[in-house]
Amino acid sequence: MNQSLLSQFGTSEERVKRAIEAFKRGNGVLVLDDEDRENEGDLIFPAETITVEQMAKLIRYGSGIVCLCITDELCQQLDLSPMVQNNTSINQTAFTVSIEAAQGVSTGVSAQDRVTTIQAAIADNAKPQDLSRPGHVFPLRAKKGGVLARRGHTEAAVDLASWAGHKPAGVICEITNDDGSMARTPEIVEFGKKFNYPVVTIEDLVRYASNK
């Protein structure tokens, strides 16, 4: 990871603390994973507080695949089965079946509809019948143990939400460049400065979690 670029966002510990503070306020955070993994940056918001405006930003600047990162317990509560029985994904990304709110949405694609779906999924007494399948929100099952168990954006989202005092759920989307290519560290740093988002790495989060 290009530490010289990241140093403008503080030390590793400072970057994590700023990310947690942003989450506490319901703001977004940019999370970079390892260069030898996906080498991508995701914009992540706490699911509990995500707004239509924030969702619109994810859709506009991201890949369009908006994912809801949740715990295994919530997946079981909602009866969300894996998207496939045999996961051959290189990074073992744990997609479940996609979802839509059973009520209060039209086509399910708009920013408002996706926020409605997320709110339905993470509601305190959410039930399987509160969701239709398939839909336009893609749940991801976080590994128990968070980033210490798997160095993924999924686990980063759930950990950040928990550390900030929110429900353990986050909304993520990979940031793309204007030409459709994936944004790497230099572009993510510029994006963070432009929109005033903290930038943190998975390695930062692992270090922080190890010392908790």
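Cβ atoms here come from the backbone N, Cα and C positions, even for glycine.
The following features are taken from Swiss-Prot:
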type	residues	note
BINDING	R37, E38, D42, R150, R151, G152, H153, T154, E174	D-ribulose 5-phosphate binding site
BINDING	E38	Mg(2+) 1 binding site
BINDING	E38, H153	Mg(2+) 2 binding site
SITE	H136	site 'Essential for catalytic activity'
SITE	E174	site 'Essential for catalytic activity'
Rounded Cα distance, in Å, between D42 (D-ribulose 5-phosphate binding site) and H136 (site 'Essential for catalytic activity') is 18
Quick one: of D42, E174, which of the binding-site residues has the smallest count of other CB atoms within 10 A? E174
For R151 (D-ribulose 5-phosphate binding site), the number of other Cβ atoms found within 10 Å of its own Cβ: 20
Give me the Cα-Cα distance between H153 (D-ribulose 5-phosphate binding site) and H136 (site 'Essential for catalytic activity'), rounded to a whole Å. 19
Report the same-chain neighbours of H136 (site 'Essential for catalytic activity'): residues 6+ apart in sequence with Cβ closer than 8 Å to its Cβ, ordered by sequence. V66, S98, E100, T107, G108, V109, D113, R114, T117
DSSP on H153 (D-ribulose 5-phosphate binding site), three-state: which is it? helix
With every protein chain in view, how many other Cβ atoms are within 10 Å of the Cβ of H153 (D-ribulose 5-phosphate binding site)? 30
Where E174 (D-ribulose 5-phosphate binding site) sits in the secondary structure, as DSSP reduces it to three classes: strand
